[in-house]
Structures are given as C-alpha cells and as structure tokens.
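Record features (Swiss-Prot):
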type     : residues     : note
CARBOHYD : ASN5         : N-linked glycosylation site
TRANSMEM : 17-43        : transmembrane segment
TRANSMEM : 53-76        : transmembrane segment
DISULFID : CYS86-CYS165 : disulfide bond
TRANSMEM : 90-109       : transmembrane segment
TRANSMEM : 131-151      : transmembrane segment
TRANSMEM : 179-206      : transmembrane segment
TRANSMEM : 225-250      : transmembrane segment
TRANSMEM : 270-289      : transmembrane segment
LIPID    : CYS281       : S-palmitoyl cysteine
Amino acid sequence: MVSSNCSTEDSFKYTLYGCVFSMVFVLGLIANCVAIYIFTFTLKVRNETTTYMLNLAISDLLFVFTLPFRIYYFVVRNWPFGDVLCKISVTLFYTNMYGSILFLTCISVDRFLAIVHPFRSKTLRTKRNARIVCVAVWITVLAGSTPASFFQSTNRQNNTEQRTCFENFPESTWKTYLSRIVIFIEIVGFFIPLILNVTCSTMVLRTLNKPLTLSRNKLSKKKVLKMIFVHLVIFCFCFVPYNITLILYSLMRTQTWINCSVVTAVRTMYPVTLCIAVSNCCFDPIVYYFTSDTNSELDKKQQVHQNT
C-alpha cells in the first residue's frame, strides 16, 4: 500500500488558513510597521541588537504583504495572480520562516556575548559586524528558499479555469529536488539555530547564577530571565512543531513512510503547525520589547563599568 492510496482529505485547511492568515495580516501589519518606525525614527540608542530586530521586522512585513493574496486563494480556492506572484509568495514564506529563526538566533548569540563575555566581545558586537551578519542571513535564506519557488507554478484544477498555488508539488519533484532542499533548510535553518539558542540561553543562565557576575553588572536578573523565557517560548512554540512536521511531511511525500495512519496524522498536523509558524509575525514584537529593554540596560551598565 502506498500513500497515494490513503485518504488525503484535508479540505479543512482552507478555512483554517483563511481565518488565521487574516488575523496575522492585521496584527502583523500593525505591529511590525510600528516596530520599524520605532527602530528607524524614534529609538535613541541603536546598537547591533537593534540591527537584528529591524531586519527581523522587515522580514515579517515582507511576508505579511503577501497574505492578502494567500487569503483570497484560500477563500476562493483559485489563484488568478499568475506564476510570478505565486513564486514570490512561496519564496517570501520560506524567507520569513527561516529568516526569523536566524535573526532570533543572532539576538540570542548577541545576548550570550553581552552577558557571558561582556568585555572580550566588544570588538565583535558592533553595528558594522551586525550588518555583515544580516547580509549573510539574507543570502542564506534566499539561497534556501528561492529554489523551492522554481518548482512552484500554478496548475489547473480538474481541467477547469481555476488554478492552484502553494500546493500540489508532484511526488517526482519531492523525490528528486524538494527533499534535498528540505534537508538543507532544516539543518541550516532550524536544527543548528535551535542548538545555538538552547546552548546560548543555558550559558547565560549559568553565568547569571554566579554572584560575582550579578553584582558586577548590577543587571536585573529577573529581566534577563523574562527575556530568555519569552525568547525560547516563542521560538519553540512557533517553529519546532512546523519543522518537525515538515520533516514528516517530506518523508510522506517521498513515500519513505507509507502507513496510512501516519499519512492522515501528518496531513492533519501540517496545516495546524503551519498556522502556528506564521503567527510568529505577531509574536516577534514581544521579543523586541523584552530584548531592547534589557540589552539597553546591559550596554549602559557595561559603559559605566568601562568608564570607572
């Protein structure tokens, strides 16, 4: 028995996507426009962390701009906008997904350097280096996401004039190309960042438990703990379920797993976890608040210590 003989009923996803994406569009548009305005025009202290957060907000906003087209498609179940916009929308989805993961990881590493190695890292933690890292992140995510759009084109549904987008990759494409792309983006865009986030957060917590460190920096331990907690919760809540499910989905589409119960479970989980992942556009501003508040205080404390 192969997966093609299993039940593939997942039409509930269209209603789910339409509702969730509509909420994400409204909240994400407002939150990220406000964030970009603050980072660009009103923020008095701009450092390397601000650079990462600004790029994260831009990544979110670019994806949010594509949501009205997706919402229309999921409601009407027809893509009238052409192949080019379909490819752009697919590219921006993966660019935002893994760009968000990598920029959040940059923030986590920056926090690790600021707290665990506050003075030795001063030459590394510069706005110039942060810009270089951001360029590298954009190149990496575009290199990983753009190839996926090459295999995405609009197709007619059952010989009608209605066309599809975002779905229906043939299994031959999954077996030859897409499975390799998934392996690349999962290793570079998810597993390595996940390990870095957990490791950096653990090292920061160990450092904060040293009385000498706390008294020297006079940094509120409570604020840092809140920042780490919020960061890890948002990272794990938004990205872990989807990426684990994506691996299972890839195994299903390449017919590595052919059990019908597994196929049914994965087809049910995939739309749900994708909606959770997309919601990161709304949660990222929470990271901005806790990160900018704590890092600003940390930089001030370090500057005072250097001047004394």
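Using N, Cα and C of the backbone, Cβ positions are placed for all residues, glycine too.
Sequence-distant residue pairs (6 or more apart) of the transmembrane segment (90-109) and the transmembrane segment (17-43) include fewer than 3 whose Cβ atoms are under 8 Å, leaving the two stretches without contact. With Cβ pairs under 8 Å as the measure, the transmembrane segment (225-250) is packed most heavily against 270-289, out of 17-43, 53-76, 131-151, 179-206, 270-289. Among 53-76, 131-151, 179-206, 53-76 has the largest number of CB pairs under 8 A with the transmembrane segment (270-289).
If you count neighbouring Cβ atoms within 10 Å for each of the recorded positions CYS86, CYS165, CYS281, the highest count belongs to CYS281. If you look at the transmembrane segment (17-43), the same-chain residues 6 or more away from its ends with a CB under 8 A from one of its CBs are 50, 53-54, 57-58, 60-61, 63-64, 67-68, 70-71, 74-75, 271, 274-275, 278-279, 281-282, 284-285, 288, 292.
Same-chain neighbours of the transmembrane segment (131-151): 51-52, 55, 87-88, 90-95, 98-99, 102-103, 106, 169, 173, 177-178, 181, 184-185, 188-189, counting only residues six or more beyond its ends whose CB sits under 8 Å from a CB of the stretch.
According to DSSP, CYS86 (disulfide bond) sits within a helical segment.
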